[in-house]
Each structure stands twice: as structure tokens, then as C-alpha cells.
């Protein structure tokens, strides 16, 4: 009697399984907020619309840092409207920094991918399906939105702020040579474990934090894909970029140059 031979397929790596079984993936959006009462309902509605139309499994985690304008009250209402399985409010008592906001949010995230973005409508959720497609095409560890590549751009800024932004990006390219076109942007998709590792390594605060994340990613040989995005100045509220932030950015840039 001929023996029966059972062929066994080789064990697939986690990354192969993620690429071949996209419906099993879940995307956790981290939304740090401070005085975003007017913007929050619209950005959440746009996120829900984009994910629902694309058939993407998601959750939105709102990390409010003690906003005095009632942002937390709005977030509580959104949690009731969309359900606590989709909208998770995880507030803190005061402003404690962007990096710690991400750490706090990730503690509650159940997705295997993390999306970070601004809550002020500067980043449109319509680009998220493109981020996900890009990640799958190249099996990237990180996908970053870029204002400085392809048809990406900035809208609503005056000439002064455009010059500051371009100048800052030019300096970072010259000094750090990161291999990515937009270091100061904050619209990105990460594998959850990659973001956890990067936050462990990063020491910067404020606007330099996002820049260091990309620099450290290159040091750790993580792969980075880019998607051109349109960045639009905030619809409601005042910009949080001022003179102190610019000085802090320059100090942080020089520190990274000296230590990386």
C-alpha cells in the first residue's frame, strides 16, 4: 500500500500572515487633544466615514490632556454616539507631552497597527486607506505622510510659516540625512511593536519628537514608506507653533546631530 504523504507548508512569519490576511488587521488611531472642542466631532466623523467605507477594522483613542475648553465633554458624547468599542476616551489630568500621550494611548490600543495624526483637521483621514495600501505593498514598518514629495503640499499657511517649515526640513535633511522627505510631520502609520520600540529610544520632546522617531527608525533598520499628503492649516483654534517651539526645535536638531 502506498504511503500517504502529508505536505506541510512552512510556518509563515508574522509579517507574511499580516500581508496575506489583511482583514485580521486592526488599526488604532491615537488622537492626542488639547483645546480641540470644535475640531474633534468633525475629525472623528471623517475617520469613521473613511474606515467604514473602506471596510477597515478600527478604533479611535482620544487622549485629552485636561483641556479647559470642554474637549473632554465632547469626547464623552462621541463615545456614546459611536460606541465605546470604536471611540475610547482615555484622558489625563494635564499636558504631559506628546510621547507620553502615545504611550498612554498604546496601553489601551487593541490594534496591531497604530495611526498617529493631529486632531485639528490638518490631516485628512481620506489618506489613511492609501497609507494602508502602501504598507501592504512594501510590507513597511512605518508609513509616513509627506508634504514634500509628489503631489503633497501645504495649504492655508502664510509665506512666513511656509519658509520656516521648508527651512526646518532642509536643515534636518542636511544635518541628519534620514532618508525620508518629511521629518517634522505627524501623520504616520506604525506597526505597534515598532512604535513601542521607537518611543523607548526617543528622548526628545515637542516638535523634535517626531523628527527623532524617523532618525531612530533608520538607526534600527526599520523600513519606511511615504505617501504624499495635503496638509491644511487648522480650521478652528489657534496654532500651537510659536517662538519657543522654534528655539526648542533648533536645540533639539543640534542635539540629534551631535548624538546620532
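Glycine too: its Cβ is placed from the backbone N, Cα and C atoms.
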Residue from 9, 67 to which Swiss-Prot assigns phosphoserine: 9
Residue with minimal Cβ packing [other Cβ atoms within 10 Å] among the binding-site residues 36, 65, 120: 65
Chain-internal residues near residue 32 (GDP-alpha-D-mannose binding site), provided their CB is under 8 angstroms and they sit 6+ positions away: 63, 64, 65, 98, 101, 102, 105, 119
Candidate with sparsest Cβ neighbourhood (10 Å radius) among 119, 147, the listed binding-site residues: 147
Whole-number Å value for how far residue 120 (Mn(2+) binding site) lies from residue 36 (GDP-alpha-D-mannose binding site) (Cα to Cα): 7
Distance from residue 120 (Mn(2+) binding site) back to residue 147 (GDP-alpha-D-mannose binding site), taken between C-alpha atoms, in Å: 17
